[in-house]
Ligand SMILES: CCCCCCCCCCCCCCCC(=O)SCCNC(=O)CCNC(=O)[C@H](O)C(C)(C)COP(=O)(O)OP(=O)(O)OC[C@H]1O[C@@H](n2cnc3c(N)ncnc32)[C@H](O)[C@@H]1OP(=O)(O)O
């Protein structure tokens, strides 16, 4: 397993620079102002295939894109940064202006999208609005290792949180997340996270998901989550 992952890592590094428009690591370390002037980086949709995607991931992606054709499913785009307006709206809920350095905040980005292609979180989420469920296709790269050769449980928890959150829509926060890790996930493998909204009670959204192998034979994890719709009248800080 380790050998195949090392090979994967080598090929990922070999692919660096070959992908048109792929941001270089050094670019991510540039001052925020320069990043924000780089339109391509802000508006780039990361939930699309890149050369690091395995055959399994590409195959599943194509299958779900087909399901999108009749409008029953949609692919959710994914950006590193929220729009200025969204960030401003969200700040009003949480951020005490005295505690925030604007310069720092302008560098903020979704941490799952902060890795170079293939090294961290490669994922795409498809949503079925009528059925109130999502399917997240996730390939965890070599920088997400926990126990040697295996995906870190925290990385899995992150993806579960995002997958469950994608079933909610709107401004919500995770209040509770319960995960049963049943089998370890091999690093660099692809898993499928099926999430659904089970119950809506006032501002409380109860969700659940399972994480399975591509062939559906292995159940890696099961989880439930409670998300709370934010109340604009309340500040959480
Ligand atoms: C507009 C812009 C949009 C932008 C859109 C961006 C989206 C970008 C997506 C990226 C995807 C990243 C996804 C990352 C998701 C996180 O990582 S979130 C970060 C981790 N979570 C947190 O830090 C949350 C910290 N907790 C809190 O801030 C507050 O507790 C909450 C969750 C906002 C709730 O506070 P509140 O609004 O004051 O609600 P509160 O009155 O306490 O509770 C409401 C109800 O929920 C119940 N409840 C609350 N907590 C719990 C709990 N833990 N267990 C059981 N019941 C609970 C209460 O008992 C109450 O029940 P009822 O009495 O109504 O029956």
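Cβ atoms are placed via backbone N, Cα and C, with glycine included.
The Cβ neighbour count for residue 161 (active site, proton donor/acceptor), using a 10 Å radius and every protein chain shown, is 18. The active site, proton donor/acceptor annotation in Swiss-Prot covers 161, and the record cites similarity to another entry as its basis.
With a cut-off of 8 Å between CB atoms and residues at least 6 apart in sequence, the same chain places 219, 220, 221, 222 near residue 182 (substrate binding site), listed in sequence order. As annotated by Swiss-Prot, substrate binding site applies to 180, 182, 203, 204, with the evidence given as similarity to another entry.
Positions annotated as phosphoserine by Swiss-Prot, on the basis of similarity to another entry: 37.
There are 9 other Cβ atoms within 10 Å of the Cβ belonging to residue 55 (N6-succinyllysine). The N6-succinyllysine feature in Swiss-Prot is assigned to 55 (among others); the stated evidence is similarity to another entry.
Per Swiss-Prot, the feature N6-succinyllysine maps to 66 (among others); the stated evidence is similarity to another entry. For residue 66 (N6-succinyllysine), other Cβ atoms within 10 Å of its Cβ number 10. Residue 66 (N6-succinyllysine) falls within a helical segment according to DSSP.
Feature annotation from Swiss-Prot assigns N6-succinyllysine to 98 (among others); the stated evidence is similarity to another entry.
Annotation note: residue 204 (substrate binding site) sits in a strand segment as assigned by DSSP. Long-range Cβ proximity for residue 204 (substrate binding site), meaning a same-chain Cβ under 8 A and a gap of 6 or more residues, is found for 175, 226, 227, 228, 229. Taken from Swiss-Prot, the feature N6-succinyllysine covers 204 (among others).
Taken from Swiss-Prot, the feature transit peptide applies to 1-36, supported by sequence analysis.
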Residue 66 (N6-succinyllysine) and residue 55 (N6-succinyllysine), Cα-Cα, nearest whole angstrom: 17
Largest CA-to-CA spread of substrate binders 180, 182, 203, 204, angstrom: 31
Residue pair residue 180 (substrate binding site), residue 66 (N6-succinyllysine) - Cα distance, angstrom, rounded: 32
Whole-number Å value for how far residue 161 (active site, proton donor/acceptor) lies from residue 203 (substrate binding site) (Cα to Cα): 18
